[in-house]
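The transmembrane segment annotation in TrEMBL covers B:25-45, B:51-72, B:79-99, B:105-126, B:133-156, B:176-200, B:233-252, B:258-278, B:285-305, B:311-329.
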Amino acid sequence: MLNRRTLIGAASAAALMLSGNFAFAQETYIPLISKGFQHQFWQAVKAGADQAASEMGVTITFEGPDNETMVDRQIDMLAAALAKNPTAIGFAALDSQAAIPLLKQAQEKGIPVIAFDSGVDSDIPVSTASTDNIAAAALAADKMADLIGGAGQVAVVAHDQTSRTGIDRVDGFVNQMKAKHPDIEVVTVQYGGGDHLKSTELTKAILTANPDLKGIFGANEGSALGVVNGVSEMGKSDVVIIGYDSGKAQKDAIRNGVMAGAITQNPVGIGYETVKAALEASQGKEVPAHIDTGFYYYDKSNIDDPKIAAVLYD
Amino acid sequence: MTAVNPSSSPSLVARLIETGAHQKLLAFASLVLLLIGFSIASPNFMQTSNMIAILQATSVNGVLAVAATLVIITGGIDLSVGTLMTFCAVIAGVVLTNLGMPLPLGVIAAIATGALCGLCSGTFIAKMKIPPFIATLGMMLILKGLSLVISGTRPIYFNDTPGFDLISRGSLIGDIFPALPIPNGVLILFLVAGAASYILGRTVLGRYTFALGSNEEAVRLSGVNTDFWKMSVYALAGSICGIAGILIASRLNSAQPALGLGYELEAIAAVVIGGTSLSGGRGTVLGTLIGALIMAVLTNGLRVLSVAQEWQTVVTGAIIILAVYADMVRRRKA
């Protein structure tokens, strides 16, 4: 048994050596520590980062924890990335404070840090590449107001109450309604963790409780798809749905009219700009403190517009 | 550390096998092999700072795995360790930040909360005869929900409690030997493991922990109050989760109320890799410690090698299956 176990160990060690790159010390290496990994949005960020990497001839890696609650796992990833003595680091903090000791370590080693997707409450990152989520959600509120005729009840289904994007999108939408559209009442904000099924159930409960509801804003991809499911399961075809981000299912819903439209960020741009800024910062060039990666509202009419299609992902 | 009554060991070899030392040796050999393999594969792996990062990554999961070991040896399971850890962290946050009490009270409150919740699980299992899987599954969800309710779904920061972050991030060893800045969190993991090991090997509670897992009915028929001992084990495991709660809160300088789901599976994986049997009656804390280290070394090593994340998960899963398979083959031979 000892033999078998030793063999297995040796085989896996050998496999690891083959699969790994030997040293990053000499080449330009930029690890990106993201908030997530398997979600399509993060894969689009990764695609943008990969594109920048091949254009600029740098090596990147892209990693993120399984879900957006695993703050400590993300810290472990950052620690492993630092061990590789990278040229620069891209970092999308789940919790800014928790990462500060490691960010300080990066600063001491002279490794520039670029924050992406959401900011870090610290002056260590030399630049932040992100979407202005408050402005984007306010745009969703304006579009919703237009579509329901400026009066009536609406609701929000969001992903979570703790993350920056969750807070900003809900606040952006709700505050815009209060400030600019006084005849519209946001009757409830519910959180489904970005889970399709949970968001579906939430939507059905909201529709049951508020039969006169005119519109629902789904604050991220999973929430928006849940809203679409919930509304169609209840047979309420007159409810106006505005979503967030893209993905195949959401694009289909917009094309066939179930969803009125959605806000899209520019995830590919976030990844691209992060790598670009990281490289420039490592070369000692001046980089802006904030890079607005932009957002758009898209619907059936402009979904195939090249400018929009370029930032949508499947 | 030994699991079996010393008087019942006829020969050294038999004793080695019986006590699971053999398994520990295998697990330890795998750990060393992994360390050597990664060191050869990447010059960045074997650095003091990276070794410390690995130890620090082990600390929380290691403490949770020690708690899970105690329960698993009784033939039970505890799915609530992760969310109980979070709940205890939130309680510490309420006591320290919201109520502004001094630091030691926060620590005591977290550990006491852990013990109390463990006692609840133990009561559901021993007195109400609910299977451990279900009882602790229920507790897992209850505690996850309560953490969100009590914290108001926002992280509670410990900025007003100076020194709180030093519990995990500070380094007493580093203060004495500046070349070896091992964080206190790691020190606490070893202290917890040492204490649990002592309890298992040298106390009545330890003896009954193994007895419950081997043949609960026989123990009960011989006049032992099995319900009491079972509840004690769950309460002890709960208090250890309370320590894990302090560790993670201190490391993040905040109590993150949504965290914790999924941590129970990683703790159980460490226990199983360390050679503790899921059917109970057999296991060691040292094995669990090595199991937790193997998981952390593997995760860190694959990252330092820049293996794509998809494959990291595949490899980790395969290692768990291999470890348990090796253990079963060994036991069939023994």
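Backbone N, Cα and C define each Cβ position, glycine as well.
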Query = Do any residues of this chain, six or more beyond the ends of the transmembrane segment (B:51-72), have a C-beta under 8 angstroms from a C-beta of it, and if so which?
reply = 78, 81-82, 85, 132, 168, 181-183, 185-186, 188-189, 192-193, 196, 200, 209, 213, 233-234, 236-238, 240-241, 243-244, 247-248, 251, 263-264, 266-268, 270-271, 274, 276-278, 280, 283-285, 288-289, 291-293, 295-297, 299-300
Ask   = By a Cβ-Cβ criterion of under 8 Å, what residues six or more beyond either terminus of the transmembrane segment (B:285-305) are in contact with it?
value = 1, 20, 23-24, 27-28, 30-31, 34-35, 37-38, 41-42, 44-45, 50, 53-55, 57-58, 61-62, 65-66, 68-69, 189-190, 193, 196-197, 200, 266-267, 269-276, 311-312, 315-316, 319, 323
Query = Per the definition of 3+ C-beta pairs under 8 A with sequence separation of 6 or more, do the transmembrane segment (B:258-278) and the transmembrane segment (B:105-126) touch?
reply = no
Inquiry  = Suppose I define contact as three or more CB-CB distances under 8 A, residues 6 or more apart in sequence; do the transmembrane segment (B:79-99) and the transmembrane segment (B:311-329) meet it?
reply    = no
Listed stretch, out of B:25-45, B:133-156, B:176-200, B:233-252, B:311-329, that has the most CB pairs under 8 angstroms to the transmembrane segment (B:105-126) = B:233-252
